[in-house]
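Quick look at what TrEMBL lists:
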SIGNAL    1-25  signal peptide
DOMAIN    61-245  domain 'Plant heme peroxidase family profile'
BINDING   132  heme b binding site
DISULFID  139-151  disulfide bond
BINDING   166, 173  Ca(2+) binding site
């Protein structure tokens, strides 16, 4: 969960956005340079995120999930440009958003179908799976029975205990793919990436080529940021991010 400080800055940023002109109807890397020329809004966002990630690196995983749910330099990962000027939906649905998320027990065929339904290729699916480089999951999602039991025993002592998604779960790197190659992927949907064929070849490639993974991941995340975007007079700018105006 974000700290009270981050929440405070989020509402400050929202107030600044509401003061800006809303006449610009298209996404742009420099949207707020035109809409709010006297304010460095992207600088404010970057500054707050950098501070919060230093305080709690786990927030990086939460932000990645939010990006998948709604559509890292501090964690060592790649960066990409997100075009600005998007507005909020009028019919947000938590249940609908969750149904679009791939299940951790999916087979390779189910994963490919889920991503294909969102117009992503199988290659992009493997790249986006690298988001599991950071974060952790509850014990019930761990695929290996012995590892799941160990996790559950630790959770008896510490109910907040969760299983790291890879061996360097507080750093965004390509270690996730090395774990998958070695047969130690945490989720069932991680392990199926090693089913024989092009996907296995891609996983092995990423495990030894961090820069190649970073490039493909950033490109796929940029594409995801452009999905079903509302601009202009579509949707609304919410006064409270958690509910409709």
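Here the Cβ of each residue, glycine as well, is placed from N, Cα and C on the backbone.
TrEMBL annotations: computationally assigned, not manually curated.
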Same-chain residues at least 6 apart in sequence whose Cβ lies under 8 Å from residue 151 (disulfide bond): 139, 142, 161, 162, 163
Fewest other Cβ within 10 angstroms of its own Cβ, chosen from the binding-site residues 166, 173: 173
In three-state DSSP terms, the structure that residue 173 (Ca(2+) binding site) belongs to: coil
Stretch-averaged pLDDT - the domain 'Plant heme peroxidase family profile' (61-245): 87
Residue among the recorded positions 132, 139 whose Cβ has the most other Cβ atoms within 10 Å: 132
